[in-house]
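Engineer: First the structure, which I've put down as structure tokens, then a few questions once you've had a look.
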Amino acid sequence: MASASALSAHAPARSFRLARPALVVGIGILIFWVVVALTVEFWAPYEPLKIVSRKLQPPSFSHWLGTDALGRDVLIRTFYGAQYSLTIAVIVVAASVTIGSVVGALSGFFGGWPDSILMRLVDITLSFPPVLLAMSIAASLGPGVQNTAIAIVVVWWPVYARLMRGQVLDVLSRDHIEAAVAGGASRTRLLLKHILPLSWTPTIISATMDFGQVVLLAASLSFIGLGAKPPTPEWGSMISEGAAHFYSWWIAFGPGLAILSIGLGCNFIGDTLRDMLDPKDE
Amino acid sequence: MTSDKPLLEVVDLRVSLNRGVDVVRGVSFNVHAKKVVSIVGESGSGKSMTVRAVMGLPPPLASLSGSIKLNGEELVGASERRLRRLRGSKIGMIFQDPMTALNPVIRVGDLIAEAVRLHNPRMSAKQAMQRAIELLETVAVPQPDVRVRQYSHEFSGGMRQRVMIAMAIANNPDVLIADEPTTALDVTVQAQIIEVLSNLRQMFPVGLVLITHDLGIVAGVADTVVVMYAGKVVETGPVRAIFRGSRHPYTRGLLSCLPSIEQKAGKLVPIPGNPPSLSARPSGCPFRPRCPMARDICSTEEPELRTVDDIETACHFAEELRTFDTSAFQTTAGSA
């Protein structure tokens, strides 16, 4: 155990060379969507809001995923939706990780009554079903991209706070931390140089996996009308429109497949990272 | 610095945990420059707690009393800020398990250079790294200029312990505390580490506090022995006097646990029973329940340290012990 944890910092370098099909597929999917989101404006034949054909046309060679209730191209709208979904996911995950890690690390490191208060706050937040809590926050803030992001961050940061706190407490109890104290290291130095560099792994894995979850949650909020406003090509609201025209299956198919692929890709990456970074599995 | 003035003076040190459990009950000892003081005793006797108090690192909520003087400066009640200055510069500490006591994600050279720069903030990174290489050379790590760029997992156990020593002596401390520095190592490596520690005294006037279970090491390098039992010093004196003529049945018992070349066929004699628990200490002498020569007075009066010949001992019957036979333990063990 002891020697295994000492090796953990170097395990990835060795394991990256091994072929890991799930990782390759996962990264491939994410790269595809990132490239689409960044470049779609330059090569897409239509604007996402442009009515290009008659309404509710099934898939054909000119419109691969058919057209929606207003006659807009579903595939093009799905591609444009990536901009919206990826941006919100990146912002939400980054903000949650930052807030959660800072709170969790300070809470675990300093302990005492601030730790108790912060962790009870985390407990309270986590005791609500996440979708329900995000829904009520989004509803009270009103629809819009920014409000969706805020709602999801409020629901999500406690996960990282708890994760980081546990990890900091674990590292804090290791011998080399005591050795650093015996060498005269100050508390700030201890936290920044000796504890945090060893505490990131679970957060990185969790953030990767959560990326897909956030895409899904953002789409869910839009689906029930709490996210993006209707003309915006957002996956959740597109599926919502598709649900209204249930027998035109293609309307929901494009954005549904997009969400599925991103969720799957993130899980592939997260699982592989966990196997690679966790010394206990070796 | 005159050698008769101790570098470290511990007087009547007491450590109580927050639940009112006394783990160290009035321990006194002195450490002189270039001398080795060895603290021996079973697990739970308070040795580690004693040195932790000296380092200013007692467990949370523990209360200290008594006096710890480093170069005449009182450490009990000193500010955390002051203690932090002293740790790593005036007092160094070496830990038991070099496998876990080195940070796995920092290069060994950076670890040592950090130890140097923490107390010499104006030194450049380059100078500190140069000093790290010198220090590794001091503790006999081959190819120090290559080794500083490696991580601790690239080192063997003995080499890691040398790195620990290099970190601890980075600022030429007055007192170096080694908490069972060889327990986790192979026997052949143990001897090398003890030699490295012992040689440090020729380089600068450091006083060593060596905590160990290994009486062979004590006999080899210690100048003074402090035997602890149940949070108290039960016997202390020059190493020769203790090994030749201990006046305490506990020390005698420890010594008879050692194999010896002279008595090849002789059986090793264990001390029966276990050390008393901290919360339920027996009345009178804490060693009484395990002592083969315990009498009535032992259960009512706790013996204090007193001088008998050239050692200090805490036994009511120290005078009788001149003729004490350790095989007495065997009969007790048999009847128990």
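From the backbone N, Cα and C atoms, a Cβ is placed for every residue, glycine too.
TrEMBL lists these features:
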type     : residues  : note
DOMAIN   : A:82-270  : domain 'ABC transmembrane type-1'
TRANSMEM : A:22-44   : transmembrane segment
TRANSMEM : A:86-111  : transmembrane segment
TRANSMEM : A:131-157 : transmembrane segment
TRANSMEM : A:203-226 : transmembrane segment
TRANSMEM : A:246-270 : transmembrane segment
Engineer: May I ask for the residues of the chain that lie six or more residues beyond the transmembrane segment (A:203-226) and have a Cβ under 8 Å from a Cβ within it?
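Structural biologist: Contacts of the transmembrane segment (A:203-226) (Cβ under 8 Å, skipping residues fewer than 6 from its ends): 85-86, 88-90, 92-93, 96-97, 100-101, 130-131, 134-135, 138-139, 143, 148-149, 151-152, 155-156, 159-160, 163-164, 167, 234-237, 239-240, 255, 259, 262-267, 269-271, 273-274, 277.
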Engineer: Checking distant contacts: for the transmembrane segment (A:246-270), what same-chain residues at least six beyond its ends satisfy Cβ-Cβ under 8 A?
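Structural biologist: Apart from its flanks, the transmembrane segment (A:246-270) reaches 22-23, 25-30, 33, 56, 58-59, 65-66, 68-69, 74-75, 77-78, 81-82, 85, 205-206, 208-213, 215-216, 219, 235-236, 238-239.
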Engineer: Using a Cβ cut-off of under 8 Å, list the residues of the same chain at least 6 residues beyond the transmembrane segment (A:131-157) that approach it.
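Structural biologist: Long-range Cβ neighbours of the transmembrane segment (A:131-157): 84, 88, 91-93, 95-96, 99-100, 103, 125, 210, 214, 217-218, 220-222, 224-229.
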